[in-house]
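Feature list (source: TrEMBL):
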- 33-48: compositional bias 'Basic and acidic residues' (COMPBIAS)
- 33-56: region 'Disordered' (REGION)
- 133-153: transmembrane segment (TRANSMEM)
- 173-196: transmembrane segment (TRANSMEM)
- 217-239: transmembrane segment (TRANSMEM)
- 245-266: transmembrane segment (TRANSMEM)
- 363-384: transmembrane segment (TRANSMEM)
- 404-429: transmembrane segment (TRANSMEM)
- 450-468: transmembrane segment (TRANSMEM)
- 488-507: transmembrane segment (TRANSMEM)
- 519-544: transmembrane segment (TRANSMEM)
- 564-583: transmembrane segment (TRANSMEM)
Amino acid sequence: MDASEIIVALPSPRLYKSLTLRRIATRERSAPLDEEMTIRSPRDHDDGLTVPFIPGDKKTRSKAPAVVLGFECLESTAFNGIATNLVVYLETLLHGSNLASASNVTTWFGTSYLTPVFGAIVADTFWGNYNTILVSLVFYLLGMMLVTFSAFLPTTALCGVEGSPCQQPLLGAQTVAFIGLYLVAFGSGGVRAALLPFGADQFDDESTADRERKMSFFSWFYLCVDFGMIVSGLFIVWIQQNVSWGLGFGIATACIALAFGGFVLATPMYKRRMPTGTPLKSLAQVVVAACRKARLRVPDDTTLLYEVHDKLNQSKIAHTDEFGFLDKAAVVVESELEEESNDVAADAAWRVCTVTQVEELKILLRLLPIWATSIVLSAAYAQLNTTFVQQGAAMNMQIMSFSIPPASMVSFEVLCVLVWVLIYGSLVVPVLQSFFPANGEPSQLQRMGAGRLLMAFAMAVAALVEMMRLGAAGRGETVSIAWQMPQYFALAGAEVFCYIAQLEFFYSEAPESMKSMCTSLALLTVALGSYMSSFIYAVVSAFTAVDGRPGWISDDLNEGHLDYFFWVMAALCTLNFAVYSVFARTYKVKTVVS
């Protein structure tokens, strides 16, 4: 069994079924209705529809998905070519402190994963996926060029003169670098929000073969992301550390330029989806309708609640008892069925909603606690590119006859991700199936819980390694960077169990019209986790770097106590796992009925 077969087997079939239903839902909102349905349906049916840019031959396989995968390989290489070693760049060439550099990196990472939320709104409501990617690439490329240019500016050297004030000029290297970084954050956000659903749009959901290829596409897309991390961690980081920062950034910039050109040249191959309008309107209609009928009583027979049944084979969501107040939005008043004027029809959507609409809002409310616990997880994961790299820089970077840059250990973590995928597919699942044949593969919620527990373990291992390193430093000795491998391996396990399952979970549970939005919400946890990490750094500095003491995260880690910081993160992750377990145990999975 090869690695690709194992990876493809991971996502739940329900994930891709949900993606198919999303297309049907869009067609339903776009279909013309008869007079009775126009009066009784609360949906807006002018949101948009799927229109192929150039019709393709169904007998031949489209090359557009391969173009999207190649694009993602180059984009991931470009982004990680800057991100992987960024904390070292800020400390060396831009002369930032350990604490300030770590905080700047996590804040930038947070912004990079916050912008996809806005990118998804723009793509779904105004521009569509293709145009969103195209416009975002302009900002992306400009930002990469500015970051590369900052590495060639000589003014940063002035900060290295002892006794001279380190004040950057208005258009100095630091200013140019941060302008470029946040342009990259803005551009990459639009690409992240639109590229995955854009790639999925290239398949024909009416074809069985295409549906199977779509399943493989999602797995290959994740591999392409990892490919960029490996190339940047091994190749570009080495060039930055040993040859030239400008050359390393220049290679990353060339990758995004090549991706931009290839994406544009392949335009005739693409199917392009027109924007369908914001799905938030439907959620607002449920809240308004429920408040209007606050005094009404929900009937004991829930089959009396309002639902639309039309000729299209659009699946509906089964009714649940949670958040009973919202059910009032689907209570049918006799007067609402008798009114026939167009003015009333325009207002009908704000007075009565379908059970499916109500359940879509309930799903989002149920997802919120699960989503919130992912923020703490992401705050711990942010240490991969900050404190883990700083810890490695204070260790002996020689492994046998090779000098390993600390940031290159990120590539080792990516390789560990692939190892964990193999372990999960060839060992964990078969063992569980032999002991529990009725249950089969662990559920998405169970895998996410295991990942949260592994993250706490990774932080504890990092604390133990730091205690060992500090002990060796006190004796005038150094510890090999190879001792970091266990913490990277544990962190990779947390990533496999949490982030892959989380993407599946949010896709399968999300309302059909909000698949892209909920994917962006999953990425938003990475953003908020990075901001939370920056906040924790500030709190640690405020409480430990006082009265002349260097603090836990000192510029000279031998004078600090980074191990205390890792223990705090381990305790926080353990508490987060306990909270998650409470909500996961009571979570009701969405039930779709025809």
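Placed from the backbone N, Cα and C atoms, the Cβ positions cover glycine too.
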Of 404-429, 488-507, 519-544, 564-583, whichever stretch has the most CB pairs under 8 A to the transmembrane segment (173-196): 519-544
Contact call for the transmembrane segment (404-429) and the transmembrane segment (217-239): at least 3 Cβ pairs under 8 Å, seq gap 6+: yes
Same-chain residue ranges lying at least 6 outside the transmembrane segment (488-507) that approach it to Cβ under 8 Å: 10-12, 15, 18-19, 222, 367, 370, 374, 377, 381, 384, 388, 409, 412-414, 416-417, 419-421, 424, 444-445, 447-448, 450-452, 454-455, 457-458, 461, 515, 518-519, 521-522, 525
Proximity verdict for the transmembrane segment (519-544) and the transmembrane segment (450-468), three or more C-beta pairs under 8 Å: no
Closest-packing stretch to the transmembrane segment (564-583), where packing means Cβ pairs under 8 Å, from 217-239, 245-266, 450-468: 450-468
Other parts of the chain folded back onto the transmembrane segment (217-239), taken as Cβ under 8 Å at six or more residues beyond its ends: 4, 7-8, 10-11, 15-16, 65, 68-70, 72-81, 83-85, 196, 199-200, 203, 247-248, 251-252, 405, 407-412, 414-415, 417-418, 500
